[in-house]
Amino acid sequence: MANFKGHALPGSFFLIFGLWWSVKYPLKYFHQKGLKKNRLSLQQQRIEIIEGAVKALFAVIGILAEQFVPDGPHLHLYHENQWTKLMNWQHSTMYLFFGVSGIIDMLTYLYFNIVPLGLDRVVLAMAVFVEGFLFYFHVHGRPPLDQHIHSLLLFSLFGATISICLEVILRDNIVLELFRTTLLILQGTWFWQIGFVLFPPFGTPEWDQKDMDNVMFITMCFCWHYLVALCITAINYSLVYCFLTRVRRRAEGEIIGIQKLKSDHTYQSTLLSGSDEE
C-alpha cells in the first residue's frame, strides 16, 4: 500500500519481533550458559514453535491487507492488458517469504530429527534477501528523497542477510543474534519513518522530495535510528541479566534457608535423643 498505513503495518511487525528477540536471546543465552549441555528445553522448543506460528500469521495478515484494501488488486495480477497494483504485489511477495520462514521455523522444532539444523536460518536469510531485492527495484524513477530513504533500508537488510547466513554455521551465537536483533528493530522504526516522511499523517506539511538538505538529514536520521536500536537491545539485555540474577539469588537464599531449617531440626532431634538417654 502506497500510503502511511502500508508502511506502518510492516514496521509494526518488524518492531514487535525485534523487541521480542531483544528479550528472548538474552534469556536463552543466560539459560544455556548455566547448563552443562547446550540443548533446548521443551519449553524453549514450544516458544520457537509459537514464534514461527506468529510470524506466519503476521505474514497472512500482511498479504490480506495488501490484496483486499479498497484500492487493492484483490488477487488480480493482470487485468485489461495491464499489470494491476504491482506495488501491492511486491509487498505481498515480501510477506509470502516471511510466511514460509515462519512455517519452516515450526517444522524445524516440531520435527528436529528430520529437518536439517540450520534450515530455519537459511530460509530466514532468503526472506530478508528477497525483501532487499524487491526494495532495490522498488523506487526506480521516483524523486531523490523517496529513492534515498528506501535505499538506506538496504544496508540493514543485506547486513542482516549476511549475519543470518553466518548463524547457519555459528549456531546460537549471541553476538550475531543480537546484531540481527538491532537490524530488525532498525528496520521496524525505519518503515515508520518512511511513512512519516513520504505520507505525513495528521495534516503535517509534506517534505520537499527534491531538496538535498532533506536527503542529508534523512541519512543522519538513519544513524540515529540505529543508535536507538542499539540502546534498546543493550537495555533489554541488562534488564534480563538483572532479573535472572535476582531470581537466582532468591532461589539460592530459599535453598540455604531450607538447609538451615533441616540442620536445626537435626540438631534438636539429637539433643532430644541425648536427653532421653540420660
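Residue 1 is the first one shown; counting continues down the chain.
Quick reminder: no glycine exception, Cβ is built from N, Cα and C everywhere.
Computed from a predicted structure; not experimentally measured.
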Candidate annotated in Swiss-Prot as phosphoserine, out of Ser41, Ser273:
Ser273
Would you say the transmembrane segment (117-137) and the transmembrane segment (215-235) are in contact under the rule of three or more C-beta pairs closer than 8 Å, pairs 6 or more apart in sequence?
no
